[in-house]
Amino acid sequence: MNVIDHVRDMAAAGLHSNVRIISSLLLTMSTNNPELFSPSQKYQLLVYHADAIFHDKEYRNAACKYNMALQQKKVISKTSKVRPSSTGSTTSALQAQNLPSEIEVKYKIAECYTFLKLDKDAISVLEGIPSRQRTPKINMMLANLYRKSGQERSAVTSYKEVLRQCPLALDAIIWLLSLSVKGAEVASMTMDVIQSIPNLDWLSVWIKAHAFIHGGDNQRAINTICSLEKKSLLRDNVDLLITLADVYFRAGDTKNSILKFEQAQMLDPYLIKGMDVYGYLMAREGHLEDVEVLGGRLFNISDQHAEPWVISGCHSFYSKRYSRALYLGAKAIQLNSNSVQALLLKGVALRNMGRVQEAIIHFREAMRLAPCRLDCYEGLIDCYLASNGVREAMGMANNIYKTLGANAQTLTILATVCLEDPMTQEKAKTLLDKALAQRPDYIKAVVKKAELLNREQKYEEGIALLRNTLTNQSDCVLHRMLGDFLVAVNDYQEAMDQYSIALSLDPNDQKSLEGMQKMEKEESPTDATVELDGDDMEGSGEEGDLEGSDSEAAQWADQEQWFGMQ
């Protein structure tokens with residue numbers, strides 16, 4: 001047993017730091033005395049040394065050492081061709097069997113490049129491997145890189161190759177469906193394995209559910225997943241519950257989405273996947289203390305995933321700390337450039353900071369990654385409207401309506417844009433009525449219809465609409481709007497009650513607080529002067545807070561520059 005065998009055994013045992021030291025010393029010896037090790041032994045040393053560096057996450061250094069190993073492998077190939085004797089050829093073949101795989105070395109180089117965000121270089125390395133020699137993991141990495149760079153046809157080809165080699169590669173199935181490959185075609189690629197293995201008949205239903213998801217048919221997706229989840233063999237499966245929660249979220253059913261996320265979390269307290277959406281929903285509902293606890297718990301599980309950073313960013317955003325939300329969103333994107341929720345968080349933070357054009361870039365990227373998620377389009381439309389781009393917003397809304405069909409969400413999005421133009425007010429009303437006919441409990445449609453009724457000063461009709469919706473669900477915005485309508489009809493006592501309920505649901509709801517304060521001043525004109533003085537004093541205090549806020553913004557802006565976010 002020679003020294004190279006000892007190094008190989010240490011590498012196999014995972015003693016990376018030990019391998020790094022000894023291989024470095026031996027390589028230096030080889031440089032000073034080229035006759036000390038054979039070309040194949042030097043190749044092995046370079047690969048083991050590069051592996052140890054890769055383990056230490058020094059990816060640029062590792063890529064350099066792997067490339068040196070490949071150069072050394074060429075020397076071996078040349079010398080093996082020169083040897084004339086059959087005995088020499090046999091020895092060479094035996095040595096080659098023990099050598100680290102050249103294909104594996106190229107895969108490692110591609111991994112280094114992906115960590116370094118050098119995707120084109122990674123693609124180039126993997127494309128250099130003949131297609132017949134590409135393993136499933138090489139095809140999977142290549143497919144992901146193609147998809148990320150917008151080469152969808154090449155991505156589809158590579159994902160299909162993964163599925164041909166491994167018919168149960170479910171992530172490859174999901175990505176194929178997301179790239180508009182028909183569910184029936186994908187299912188046909190798994191038919192042999194479904195028929196040959198018992199208790200696998202659920203897979204065709206699972207594929208059908210994901211085909212509905214990526215086709216934007218949320219209701220049929222929900223029904224299909226529920227039918228799977230009710231089967232005794234798949235009951236309480238965390239992945240199914242997270243998928244169901246996500247589809248409920250896409251369909252705008254916040255209540256059921258939160259319910260399923262909580263159910264999944266109870267089954268797996270270490271769950272990370274999907275928790276960014278759950279945290280966003282909780283923050284949007286005003287449960288900021290729970291969001292803070294959730295973020296802290298996920299950081300304790302892993303700070304190398306995007307989800308805890310997104311959750312903390314949502315807490316900051318709904319606490320109106322936009323600069324910090326921007327930093328946290330960008331940090332999440334660094335960890336996972338495919339995180340749609342991180343892109344949306346950064347987008348809304350930029351929009352609220354007045355950096356609309358930068359926000360548009362992030363919403364477009366989110367749309368590219370999740371073309372069936374309407375919140376991506378809503379963010380982009382909000383940006384267009386904020387910059388007076390009503391024509392662009394109308395074009396986008398019409399496109400969504402035509403592509404995804406006339407459901408409550410698409411109707412409401414189109415109505416939202418129509419409300420911006422006095423010439424299309426009647427069209428907005430018709431669209432909202434259609435949306436509410438489909439889903440009377442869809443809060444976004446109720447809010448927009450109430451806004452329209454308020455413009456038309458149809459206060460009694462607005463009160464009836466809001467009361468009817470609040471019978472089955474409680475929402476801060478709806479309670480606040482009901483308060484505004486009640487003030488308009490001089491029902492101050494109940495208006496005060498509605499503002500109080502709104503603030504109990506979201507203590508940070510500034511509009512409810514303003515409505516309540518305005519009513520208090522109108523009810524006590526004598527005390528109004530005193531309260532105004534108090535407000536003036538608070539104003540001076542707030543000025544100090546704003547200064548603190550500016551300094552905090554500067555602090556986070558510095559960190560943005562550090563993380564390369566400008």
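Backbone N, Cα and C define each Cβ position, glycine as well.
Copied from TrEMBL, the annotated features are:
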| type | residues | note |
| --- | --- | --- |
| COMPBIAS | 515-524 | compositional bias 'Basic and acidic residues' |
| COMPBIAS | 530-550 | compositional bias 'Acidic residues' |
| REGION | 515-566 | region 'Disordered' |
| REPEAT | 238-271 | repeat 'TPR' |
| REPEAT | 340-373 | repeat 'TPR' |
| REPEAT | 476-509 | repeat 'TPR' |
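DSSP assignment over the repeat 'TPR' (476-509) gives 27 helix, 0 strand, 7 coil. Here the repeat 'TPR' (340-373) has a mean pLDDT of 92 out of 100. Broken down with DSSP, the repeat 'TPR' (340-373) shows 27 helix, 0 strand, 7 coil.
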